[in-house]
Amino acid sequence: MTTRAGFVALIGEPNAGKSTLLNRMVGAKVSIVTHKVQTTRARIRGVAMAGDSQIVFVDTPGLFRPRRRLDRAMVAAAWGGAADADVVVLLVEAHRGVTEGVETILEGLADMPKGRTVALAINKIDRVEGPRLLALAEDLNNRLPFAKTFMISAEKGYGVEDLRDWLAGEVPESPWLYPEDQIADLPLRMIAAEMTREKLTLRLHQELPYQLTVETENWEERKDGSARIDQVIYVSRAGHKGILLGKGGETIKAISKAAREEIAAFLDRPVHLFLQVKVRENWQDEAARYSEMGLDFRDSN
Ligand SMILES: Nc1nc2c(ncn2[C@@H]2O[C@H](COP(=O)(O)OP(=O)(O)OP(=O)(O)O)[C@@H](O)[C@H]2O)c(=O)[nH]1
């Protein structure tokens, strides 16, 4: 079996219908939950399986002209620069057409590295007449030639399957990026890992923020309504492990407490958080994997 997997970024103005579309393609629960956390830097919004393809939807704040270098570094650090996805889908509202916001996004898209596949999805087609739609599609394609144009209604479900099937064929041949049994709660796992990562960064200041990754290895919903979460903090050098643990494990304990409190508040239920620190010397090599995908790791340094 040839599998495919890749990242797809849904972009568009606020209210364009990104969440609604995600709900359709991924499953309602995931999108609603992640919607609450625009401010966190967790990038993954959901994963859809379509045939033998795994489509990973990412958020892309700061994709277009981040105002400050810090924004760019934050975005890059959060999800290893995956803001640059394999496929970008621009959502435009049919009845609003080419607004100033859409123009700005188009400019950003035109500046993107060549070779990136960009598709257009005109959404909310239930709100306008056919002829107007065709004129809008033509206008947009004159401004930027899209690889493909879709007419959809995320809310009614029109055209959504076509879009998903097309994306499934566009993502590159690759092993799946996530185990199938983790797909449903993957965004939650990522968010929880990101929260722990943030506590580490706050606590350790400049010492090693970009040389570690946090992964949620296990997530168990308990009968009493609490969640047991196991996370591993990977550091690239043995020496870092000591810094992280601190004297008598003080540092890691404080980090764990702060992270647990934040995750519990986010989930709105008690959390048992178990942190483990492991040395993974080849962690930096994984950066190479992302560069292969056209992503820039230098931004996170
Ligand atoms: N009529 C119509 N309304 C839609 C359609 N898709 C989405 N909407 C509505 O548009 C509004 C915004 O949809 P969202 O999915 O929240 O938009 P979003 O792009 O995620 O918005 P932000 O999170 O603010 O960026 C909601 O009220 C949706 O119900 C559609 O196909 N037709």
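Here, residue 1 is simply the first one shown, and the rest follow in order.
Cβ atoms are placed via backbone N, Cα and C, with glycine included.
Copied over from TrEMBL:
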BINDING   12-19, 59-63, 123-126  GTP binding site
DOMAIN    4-173  domain 'Era-type G'
DOMAIN    204-281  domain 'KH type-2'
REGION    12-19  region 'G1'
REGION    38-42  region 'G2'
REGION    59-62  region 'G3'
REGION    123-126  region 'G4'
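Per-residue confidence over the region 'G3' (59-62) averages 55 (mean pLDDT, predicted model). Packing around G12 (GTP binding site) is summarised by its Cβ count: 19 other Cβ atoms lie within 10 angstroms of its Cβ, all protein chains included. I125 (GTP binding site) carries a helical DSSP state (H, G or I).
Cβ contacts within 10 Å of K18 (GTP binding site), excluding its own Cβ and spanning all protein chains shown: 24. In sequence order, E93 constitute the residues six or more apart from N15 (GTP binding site) in its chain with CB-CB distances below 8 Å.
Sorting the region 'G1' (12-19) by DSSP state (H, G, I as helix; E, B as strand; all else coil) yields 2 helix, 1 strand, 5 coil.
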